[in-house]
Structure formats: structure tokens, C-alpha cells
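Q: Here you go, one structure.
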Amino acid sequence: MTQTPTTPAYEQEDLKRDLSNRHVQMIAIGGAIGTGLFYGSSWAIRTAGPAILLVYVLAAIAIYFVMRALGEMAVEEPVSGSYVSYSNRYIHRFVGFLNGWNAFIFLLATSAADLNALGNYVHFWFPAIPIWVTAGTAVSIMFCVNIIGVKFYGEAEFWFALVKVAAIVALIIFGAGMIVFGIGNHGVPIGYHNLVANGGFFAKGVGGTFLAIVMVAFSFGGVENLGLAAGEAKDVRTTMPKAINATFWRLLIFYVGAIAVLLMVFPWTSLTTKGSPFVEVFTKIGIPAAAGIMNLVVIMAVLSAVNASVFTNSRTFYNLSLQKNAPAFLGVVNGRKVPFRAILMVFATMFAGVLLNYVMPEQAFELFSSVTVFALVCAWGSIVISHLRFRKIRIANGEADKLTYKMPFYPYSNYIALCFVAAVMACIAILPDMRMSLVVSAVWVAFVYGVYRFYIRNEATSTDATCESCDPKDLPA
């Protein structure tokens with residue numbers, strides 16, 4: 001395929017394609033259901049009131065377009081680096097460098113957020129166990145799961161996701177029974193009264209509804225990691241489109257459906273921001289056994305998120321090494337075709353997240369979730385912009401008709417997704433509790449740029465020293 005001179009060939013990887021269709025399908029579901037739904041939804045509901053349902057619907061549309069953009073590129077260029085590789089190819093090497101090393105701060109942030117949430121869930125049964133003990137145990141278990149092989153990771157994620165799906169479907173069905181038939185409520189239907197009571201559907205006004213976009217974005221964080229499975233999927237041209245096509249409906253069913261049931265069963269003004277609202281609902285209505293079951297489910301959700309984080313970040317670091325944007329030792333695989341050194345780096349970074357939980361357990365979730373959202377919107381924005389460049393090249397080369405999985409409504413769908421990204425950034429800037437994440441992120445970007453300039457300067461010097469006849473245009477840009 002003809003490419004423009006500024007577009008390098010994508011990386012030739014040495015990973016084993018051992019993820020089946022059912023693995024990829026459940027990885028997609030698992031990426032969409034995590035702590036954002038089970039834990040962060042309390043904050044979003046308290047901020048927007050019942051109108052949070054509208055925010056979830058609009059966000060689901062935008063994220064679907066992001067995933068379609070990613071899917072079009074992943075089907076044509078199936079590499080484990082996913083959007084990191086695409087931004088390196090289609091935007092600029094620094095953007096790929098930044099996105100790749102954003103994975104480090106993203107991993108540190110999500111580790112702190114997810115593991116802090118996990119510790120709080122365990123406190124439901126064992127309040128005396130420190131958060132850092134729970135976190136350290138979880139990280140160690142997920143390390144073992146991932147080091148065995150990608151198929152073992154796929155199996156673990158399959159069962160994690162299956163448990164989460166079963167629990168949410170059961171919650172929706174049982175909740176619908178309470179709402180319509182009064183099951184569990186002495187035969188008195190609950191109805192939709194709680195959706196319009198306590199100030200109405202837009203109880204917090206347009207402003208409150210808008211600001212809830214931040215936590216909704218955090219809830220959807222992880223869906224983009226499906227693209228990293230493209231490098232190890234058996235039949236990427238079949239499995240990837242199937243998984244992405246179902247993303248929108250899964251987001252609607254699992255998020256909008258579950259939150260709608262929650263809001264109708266329980267007054268939104270009574271929800272607290274600590275703990276899972278799902279566990280709180282079942283406890284309040286007098287079903288302690290169900291509350292315990294749901295608490296186990298949310299623990300499984302966090303373990304799934306940690307498991308996926310080890311997989312996705314290790315593949316990111318591995319691919320980053322192949323781009324020569326990370327140390328070469330991270331690009332080594334073992335006999336089972338597992339990037340074990342990259343996994344070791346992820347393991348060490350996660351333990352840094354455990355340390356943060358030990359030092360500041362109460363503040364960890366709020367602070368690091370805001371940093372995580374910033375890293376997420378950078379990834380989503382890069383995906384959409386990379387796709388614009390990707391499609392432009394193929395149109396220029398007369399190859400657009402050969403694409404097998406086209407982004408719908410191009411380029412307008414790209415612009416809709418970019419508007420969503422801009423809205424999230426605006427909310428972060430407005431919210432006082434999250435504004436500091438912009439400062440931290442700006443410092444981080446400046447630091448990464450300095451490292452990037454130093455890194456490529458040394459690379460250019462090394463190349464020049466070993467090749468006296470090198471053409472200057474072949475040196476790193």
C-alpha cells in the first residue's frame with residue numbers, strides 16, 4: 001500500500017494471536033464496565049440528578065464514534081500499540097511519544113483510583129484490613145494471570161466480564177420488577193416517581209448536568225483499550241467490527257439501563273458519594289444478602305479493571321519500544337510470546353499506585369480520577385485526529401473504497417467526538433476539585449516534551465555517528 005513519505009510503516013510485532021472471538025467480545029464488555037459505573041456513578045448522580053441519564057446517552061454516542069474511528073484503523077493496521085501507534089504515524093512522533101508515556105501516568109492514576117475503590121469494597125466485610133494490603137494482593141494476582149500468556153488473560157477477562165454482565169442484567173430485571181409489579185416492596189409498584197421528585201428531572205439545572213460529563217467520561221474510560229487486543233486477535237477483521245458494533249448498545253443497556261433502575265428504585269438525593277450506589281440501594285431496601293452479592297460483583301469489576309490494565313499497558317510499552325520511543329529492553333518477549341519485561345514495568349508502576357493508597361487513601365480516588373480523565377481525553381482526541389489523517393491519506397491514494405470497516409458519517413462524526421472531548425476538558429477547568437489536574441497534566445506534558453527532545457537528539461547523534469552517508473531527511477524529526 002502506498003503511503004506518504006511522512007507516514008512510517010507500522011510495527012512488526014512478535015506476539016501470539018491467541019484471543020478468540022468470545023475473548024474479544026468480553027474484553028470489549030469488560031472495558032466498558034468498571035469502577036466508573038459501580039463507584040463513580042454516585043458522584044455523577046449527585047452532580048446532575050436524574051438528568052445524568054441524558055449525559056450517559058450523549059456520551060455513549062460520542063464514544064461510539066471514537067471506537068468506530070479506532071476500529072477502522074485497527075482492522076487495516078492491527079498492532080498492539082493501537083492509538084499510540086496510530087498517533088505516532090498519522091499525527092506526529094511526539095504525539096505518539098506523549099500518548100505512550102501518558103500510559104505511565106494513566107496507569108499510576110488508574111491504579112490509585114481502582115485499588116482505592118477495591119479497598120473500600122473490601123471494607124464492606126472487613127473494615128479493619130488496610131487498603132494497601134488489599135491493593136497489593138490484587139496486583140500480585142493479576143501479575144500472575146498476565147505473565148502466563150495472552151490466552152489465560154483472555155479467559156480470566158471472559159469470566160470477569162460474564163459475572164459483571166450477569167449481575168447488571170439481574171439488577172435491571174429485579175429493579176424492573178420492583179418498579180412495575182412492586183416485587184420486594186410489599187406488592188406496591190415504585191413507578192417512576194423518584195425520577196421527577198426532589199426537584200424534577202433537571203434538578204441541578206443545565207450547569208450541573210454539563211459538569212457531570214467528567215465522571216461519565218471516567219465511567220467510559222477503558223473502551224478504547226479494545227484496540228490493543230487487535231495485535232493478538234485471531235481474526236481481527238471479523239472480531240473487531242463485531243465487538244465495536246455492539247459497544248453503543250452495551251453502553252446504553254449497562255449504563256443507562258442500570259442507572260435508570262437505580263434512580264427509580266431509590267431517591268437520588270439519598271445517595272452518598274462514598275461506596276457503591278448499587279450496594280447502598282440493596283442495603284437500604286432491606287436485602288442484605290443481595291447487597292453482599294453486589295459488593296462481590298463490584299470487587300470482581302475492579303479486579304477485571306486491574307487485569308485489563310496490566311494487559312493494555314504492557315502492550316503499550318512493548319509497542320512503544322518497537323517505535324524506538326522507549327528503551328529496547330521493553331520490546332523483548334519470552335517463549336510464550338509474552339512481553340514479560342513490559343509486564344514487570346507495569347507491575348512496578350502499579351505498586352507505586354499501591355504506595356499512593358497507603359499514603360493518602362481518602363484523597364486518592366478524587367484526585368487521580370481527574371488526572372485519569374485528562375489522560376483519557378488525550379487518547380480519545382488522538383484517535384479521532386489520527387483517523388482524520390488516516391482517511392485523508394487513503395482518499396488521496398484512491399484506496400478509501402477498499403476500507404472494509406468505515407467510520408459512519410465521516411468527517412462529521414469525528415467533529416462530534418472532538419466536541420465531546422472539548423466539553424470534558426472544559427468541565428475539568430471549571431470544577432475546582434479537578435482544576436489541579438490540568439496543572440499537573442501541563443507540567444507532565446512539558447516534562448515529556450523535554451525528555452522527547454533529549455531522546456531524539458541523542459538518537460540522531462547516535463545515528464549520525466554510525467552512518468556518515470545518512471540522508472538528513474532520514475534522521476528523526
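Keep in mind that glycine also has a Cβ here, set from the backbone N, Cα and C atoms.
Pulled these from TrEMBL:
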DOMAIN    23-459  domain 'Amino acid permease/ SLC12A'
TRANSMEM  26-45  transmembrane segment
TRANSMEM  51-70  transmembrane segment
TRANSMEM  90-109  transmembrane segment
TRANSMEM  129-149  transmembrane segment
TRANSMEM  161-181  transmembrane segment
TRANSMEM  201-227  transmembrane segment
TRANSMEM  248-269  transmembrane segment
TRANSMEM  289-311  transmembrane segment
TRANSMEM  342-361  transmembrane segment
TRANSMEM  367-388  transmembrane segment
TRANSMEM  409-431  transmembrane segment
TRANSMEM  437-455  transmembrane segment
Q: By Cβ distance under 8 Å, which residues at least 6 away from the ends of the transmembrane segment (51-70) in the same chain are close to it?
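A: For the transmembrane segment (51-70), the list is 41, 44-45, 82-83, 86, 201-204, 208-209, 212-213, 216-217, 219-220, 223-224, 226-227, 244, 247-248, 251-252, 255-256, 259-260, 263, 380, 383-384, 386-387, 407-409, 413-414, 416-417, 419-420.
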Q: With CB pairs under 8 Å as the measure, which of the listed stretches 90-109, 129-149, 161-181, 248-269, 409-431 comes out on top against the transmembrane segment (201-227)?
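A: Looking at each of 90-109, 129-149, 161-181, 248-269, 409-431 in turn, the most contacts to the transmembrane segment (201-227) are made by 409-431.
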Q: Between the transmembrane segment (90-109) and the transmembrane segment (409-431), are there three or more C-beta pairs closer than 8 Å, counting only pairs 6 or more apart along the chain?
A: no
Q: Roughly where does the domain 'Amino acid permease/ SLC12A' (23-459) sit in mean pLDDT, to the nearest integer?
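A: Over the domain 'Amino acid permease/ SLC12A' (23-459), the predicted model scores a mean pLDDT of 84.
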